[in-house]
Amino acid sequence: MDIAIHHPWIRRPFFPFHSPSRLFDQFFGEHLLESDLFPASTSLSPFYLRPPSFLRAPSWIDTGLSEVRLEKDRFSVNLDVKHFSPEELKVKVLGDVIEVHGKHEERQDEHGFISREFHRKYRIPADVDPLTITSSLSSDGVLTMNGPRKQASGPERTIPITREEKPAVTAAPKK
C-alpha cells in the first residue's frame, strides 16, 4: 500500500490552514501585529513563507533580553522580566554565578491560557565580591543585579626607569 507524504511547504488547496509556519510564529503571551490576524498571502506564490521573527519591528526584540555590563567601577546585569511579578522571581548567588529563576503557573490572558518559566545564569567577574551583589525590579519590568568592582589596592603610581651602564647579558653566546 502506498502512503502519500505531504510536504508542509507545498500548498494544498483543500487544507484550511494555508500557513503551516504560523504556529511557530506565535509569540506566546505577547501582543499581536495586524498582519498576524490575516491569513498568509498565497497570491504571491504557492511557496510563500512568512518573514522571520527577527525582521519584526524593534518593539518586539525587547522581550526576555538581557544585558551584561562591566564598567570601570561596577558590574551589572539587566534582564527583561516584565511578564513576572516580584513574587514569581528568585535571584541567588552560588559561588561566582548569579542564578535567576522565574516561573508563573498557568493563567488566562487575552489570547487564552499561558504559563512561563525561565532560568538564567551569569558569571560574576573575579574582581566583584559575590556578597555585594544586589537586585532590584523597576516599574517597567527590568530586573537589575549589580555589584561594585574591587579597586586596585593603593593608588596608581608611575615607576621611573633607570638606565644602567652594564649589559644585561654578560656571557658571550656559544658557537
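Keep in mind that glycine also has a Cβ here, set from the backbone N, Cα and C atoms.
Here's what Swiss-Prot has on this protein:
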- HIS83, HIS111, HIS119: Zn(2+) 1 binding site (BINDING)
- HIS104, GLU106: Zn(2+) 2 binding site (BINDING)
- 56-164: domain 'sHSP' (DOMAIN)
- MET1: N-acetylmethionine (MOD_RES)
- SER19: phosphoserine (MOD_RES)
- SER45: phosphoserine (MOD_RES)
- SER59: phosphoserine (MOD_RES)
- LYS92: N6-acetyllysine (MOD_RES)
- LYS166: N6-acetyllysine (MOD_RES)
Integer mean pLDDT for the domain 'sHSP' (56-164): 87
Entries of HIS83, LYS92, HIS119 which, being recorded positions, have CA atoms within 10 angstroms of HIS104 (Zn(2+) 2 binding site): HIS83
Other C-beta atoms that fall within 10 angstroms of the C-beta of LYS166 (N6-acetyllysine): 5
LYS92 (N6-acetyllysine) and HIS111 (Zn(2+) 1 binding site), distance between Cα atoms, whole Å: 33
Per-residue Cβ crowding (10 Å cut-off), top of recorded positions HIS83, LYS92, HIS104, HIS111, HIS119: HIS83
Integer Cα-Cα distance in angstrom, HIS83 (Zn(2+) 1 binding site) to GLU106 (Zn(2+) 2 binding site): 12
